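Enquirer: What TrEMBL shows for this protein is this:
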type     : residues : note
TRANSMEM : 12-35    : transmembrane segment
DOMAIN   : 16-411   : domain 'Major facilitator superfamily (MFS) profile'
TRANSMEM : 55-73    : transmembrane segment
TRANSMEM : 85-103   : transmembrane segment
TRANSMEM : 109-128  : transmembrane segment
TRANSMEM : 140-163  : transmembrane segment
TRANSMEM : 175-193  : transmembrane segment
TRANSMEM : 231-253  : transmembrane segment
TRANSMEM : 259-281  : transmembrane segment
TRANSMEM : 293-314  : transmembrane segment
TRANSMEM : 320-344  : transmembrane segment
TRANSMEM : 356-378  : transmembrane segment
TRANSMEM : 384-406  : transmembrane segment
Amino acid sequence: MSTATPNKSGGFHYAFVIAIACCGILGTVAALTFNAAGVFYGPVSSALGVGKGTFALYMSILLAVCTITLTFAGSWYSKYSARKILMAIVVINAAAFLLMSQATSVYTFYIAGGMMGFCQAFVLYLLAPTMIPRWFKKSAGTFIGIASAFTGVGAIIFNPIAGQTITNSGWQQGYLIYAITTLVIGLPCAFLIRNYPSDMGLKPYGDTGETVAATTAGLTGVSRAFVIKTVVFYVALLFAFCNAFVTNINFYIPVYSTSLGLALTVGATAASASMFGNMIGKFILGAVADKNVRGALFIGQVGSIAGILILYFLGPVNPLFIMGGAFLYAWANAVNSVVIPMVIKEAFGSRDYGKIISNISMALSFSSTIGSSAWGFIVDATNSYAYVFITSAVLMAVSLAAGNYVMNGGKKLPHLTAEQAAKANQ
């Protein structure tokens, strides 16, 4: 049974500590694993005497394990101490980097990839979407956007450090630095995490109520058990899958640029424009989502469609259009990180949000697992990027329609507290 705890007000709210901790963990544990990983592909594959594709298979293993872990990660966040979970996750991810630093075979990377996949389910896909809404009733979208943007901030900081380290001391030292950085920054941040404001006698930031429930029993929403039996849930999976599938085109923008006869530096600059668009998109869409979730969905996905069409139709005309198109296209990544969690919370409520977003994130992870190579196969089969860009624009339009359907359909489902649901079933 839920009890009420007097609310503390005034002064610095601990919600901001939670947000800072999320930024620190995503900027290291997630950024080093994903956004600052590519710099190692060439040197490591050459040193081990394997092809880049063979080496990069560790990332596919990582995403596959991540997808499997997401089947229960959301429930763990609901049942157990988030602080203890994240401290263990940081140590495991650091151990994986340490293992990579000692590797003499590509199979060591496959093992490390599996370890990282387990960790990233809790970090990349669920940390900000789970912890921020718990602690922020006001401005949740903004702070999800800020925290998620730190995967890009981490890449900007650590990519050049890793590149310089690899040049001067070798790739093994680069991975060792990643392991140390993960522990030095990630562990203190994980230690700062607390499950709910009520654990500290607080209410969420922006909650103007007089008291705060000491448990989650008072949260209103649709139960996961009910949701997974509805059409709306499977449309939500389609919504997430299609958007995530399109985000994988990012890997091919530099190659597309060179296929137009442009210099390699143009492709590299376009990749930077895409990363910048990803970060800016997260800030903007997060702020918009706090005012209007449907508006954020429309802006993010229509902007991405516009970017895709600019890349294809205007990219051959002038390199500046490639930069602008890449910038706008990358808003699809911001939709992944910021808007999708807000749509799910808006549609299904807070009661089982952690469990439901975990299931939806499985579609994101699985889509990324197959999408990164699927677009390459399409290019190889057709010897053209036309099918890539047109198909991706259609998929994004399908995702936009599905997202709107989820928001409309979710509101028609029974939003109850656990106590109300129990009485209704009597």
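Heads up, the Cβ atoms here are built off N, Cα and C, so glycines get one too.
For each feature listed, report its degree of burial, its nearest neighbours and the pertinent distances within the displayed model.
Expert: When Cβ-Cβ distances below 8 Å are used as the criterion, the transmembrane segment (85-103) is approached by residues 25, 29, 32-33, 48, 76-77, 109, 111-113, 115-116, 118-120, 122-123, 127, 172-176, 178-180, 182-183, 186-187, 190-191, 193 of the same chain, each at least six residues removed from its ends.
Counting residues 6+ beyond its ends, the transmembrane segment (109-128) has Cβ neighbours under 8 Å at 22, 25-26, 29-30, 33-34, 44, 55, 57-70, 73-74, 76-77, 85-86, 89-90, 92-93, 95-97, 99-100, 103, 143-144, 147-148, 151, 337, 341, 354, 357-358, 361, 364-365 in the same chain.
Residues 17-18, 20-22, 24-25, 27-29, 32, 36, 40, 82-83, 86-87, 89-91, 93-95, 97-98, 100-101, 131, 158, 161-162, 165 of the same chain lie 6+ residues outside the transmembrane segment (175-193) yet bring a C-beta within less than 8 angstroms of a C-beta in it.
Sequence-distant contacts of the transmembrane segment (231-253) (same chain, at least 6 residues past either end, Cβ-Cβ under 8 Å): 267, 270-271, 274, 301, 304, 308, 311, 322, 326, 329-330, 332-333, 335-336, 340, 343-344, 347, 356, 359-368, 370-372, 374-376, 379, 385, 388-389, 392, 395-396, 398-399, 402-403, 405-406, 409-410, 413.
Using a Cβ-Cβ cut-off under 8 Å and counting only residues 6 or more beyond its ends in the same chain, the transmembrane segment (259-281) has close neighbours at 35, 149, 152-153, 155-156, 250, 253, 300, 303, 307, 315-316, 319, 322-324, 326-331, 333-335, 385.
Remote same-chain residues near the transmembrane segment (293-314) are listed as 141, 243, 246, 249, 253, 256, 277, 281, 284-286, 321-322, 324-332, 334-335, 338-339, 342-343, 346, 385-386, 389-390, 392-393, 396-397, 399-400, 403-404, 407 (criterion: CB distance under 8 Å, separation of at least six residues from the stretch ends).
Long-range contacts of the transmembrane segment (320-344) within the same chain, counting only residues at least 6 positions beyond its ends with a Cβ under 8 Å from a Cβ of the stretch, are 128-129, 133, 140-141, 144-145, 148, 236, 239-240, 243-244, 246-247, 249-250, 253, 257, 260, 262, 266, 269-271, 273-278, 280-282, 284-286, 289, 293, 296-297, 299-301, 303-304, 306-312, 314, 353, 356-357, 360, 364, 396, 403, 406-407.
Residues 59-60, 63-64, 66-67, 70-75, 77, 121, 125-126, 129-130, 224, 227-228, 233, 236-238, 240-249, 251-252, 336, 340-341, 344-345, 348, 387-388, 391 of the same chain sit 6 or more residues outside the transmembrane segment (356-378) yet have a Cβ under 8 Å from a Cβ within it.
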Enquirer: Which residues of the same chain, at least 6 past either end of the transmembrane segment (384-406), have a Cβ under 8 Å from a Cβ in it?
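Expert: Those are 232, 235-236, 238-240, 242-243, 245-246, 249, 252, 256, 259, 294, 297-298, 301-302, 304-305, 308-309, 311-312, 332, 339-340, 343-344, 347, 375, 378, in sequence order.
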